């Protein structure tokens, strides 16, 4: 009577599997999504149950890239982005399928590999000291060897449809595979379909508008919610009442919504942050990627908005308010806080010393500034997000600061220690330090940190300020999960680190100022730039950026001032901090631009500890000394190769023919002899091997593009002023002689002084 027989079910299943296989072979995502939507909507959960694992493995993939969700961005793949966001969205076909399977009374289960499951999610019993067991783990399903097609022979655990979907969704970004079609254009890491779906799921299951998580009506009749054995879930289920605005909701579905929200947060936290826990650090573990860090930051920001929702304005009853506050406290104190502290501490220690550290820094700064996310209506708006200058208003965040002291003290210490090893003369790195100094210089922040430390470590009664609605409540969860040595914000150890950092900042500032002074364009360069030929001039190294250096200098100066005010440490004077540097540079045998070193008796360069630090952090480089005649040096990019070869042949012929005359000119007494030595390249040069080299003349400077340009411009002006060829050439020789004489005089004066 309306039910399939076993044989009929087999025929339908074969037909659905065949349709699914043909669907995945469709050439476009649009056709795939259309066919899958039809299959999901037109079939029963018992039928869809058999193709569900194949769907998830094909879309997300553990071994294959799947559909490449993290690589789809709205700028390069606008059509696919919108299509898949609707397909995987909270109202899309995929979650409808999940709800269908999750609502079945026969408790459908699916195999998930145990080797990629975070330890906290693979426990069979309670995972918290409070006895809170993970929902879905309490059914007595021990790990076993799977016989499924995709996982044959692997050790797996059986999970529900909801868990199966979000386990794969969270894991996609952990082991990110390269896109099937790599793009050449750089794309923002956080601007992709995956991050958009994270926002959609969090916004749906953890609403930030003050509403209760919406009820999802399953199309399956007589849906029964499985009974959970978790004490916490059982406790809150007895307290929940129906919302006045949702009189048709029944108690079971409301309980199910709480479970889904709890599961989503726990899955994301354990997959993204659990990879750096102490249980995994002892084994082979990779450094978290930027994609994971961006996802974690989105989770933190959303959790702040969710935590800070004003409960007094919610539509459900006071008893439900208590349930939601207990739920918020549980997911923050028991899940997010301890995992995030371990994650950030690990990243602070192992992340490369470059500007990519910014996402880790911003993740940390987002977490320690919940006041930036107190009002969900300000999302995406440019508003003042600093801590209030009014202490009575700022006190609302005291309990959050008190319950998260290691984030303000221990991580601050690790952050400042990290900057001691970075090249702060680079604008990207100096910006990171400036961000930290600016955040901790907010009004009332340091005072509340010190008061919280005194209350926690000083043995005096705790702070009496009442917490704000939705704020975190102080607990010992962090200390339980992270047995680290407490760091006091005003400790001599931290002040000593700040003093060393100020010295490093002062030295970096001196380096930036020297670069700016050294690379100031001369008059000729300014003229070339003015007329649009700036590329022809050689102004310092190719990676020098004047605007970036000026920003770096300003950020370093501001950072030193802010750190001095925060920790009450005096800024070292420039001459004191740079004295050792200047002394080392003046005695450096390789020049002022070389790292600190010394030359052995055999001519081998011996780097000091400072020199090794400068090379490792790319502050300075060893000069490349070409041991050959200046005329035989490699052709530069700013030289005409053909002219270099022609002029070298000409100068070689002249040097051989007039060698005796050149020697006689150089032996003349007075300024004439010195001028001859200047013309014939006799002055000492770091590129010369023998100071008693023979006098030679070189015309190689004529092959320089700048010289060619000046020469062409000169004869063009002479032509415009109606000068003849002989007159123009004579004027050119006269001006060249004047230039050489003046240059020789200036060089002689420098030698004397």
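Positions of Cβ are set from backbone N, Cα and C atoms, glycine also.
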Between the candidate ranges 668-687, 728-747, where does TrEMBL place the transmembrane segment annotation?
728-747
For the record in TrEMBL, which of the ranges 638-658, 701-721 is the transmembrane segment one?
701-721
With Cβ-Cβ distances below 8 Å as the criterion, list the same-chain residues six or more beyond the ends of the transmembrane segment (728-747) that contact it, or say none.
674-675, 678-679, 683, 711, 714-715, 718-719
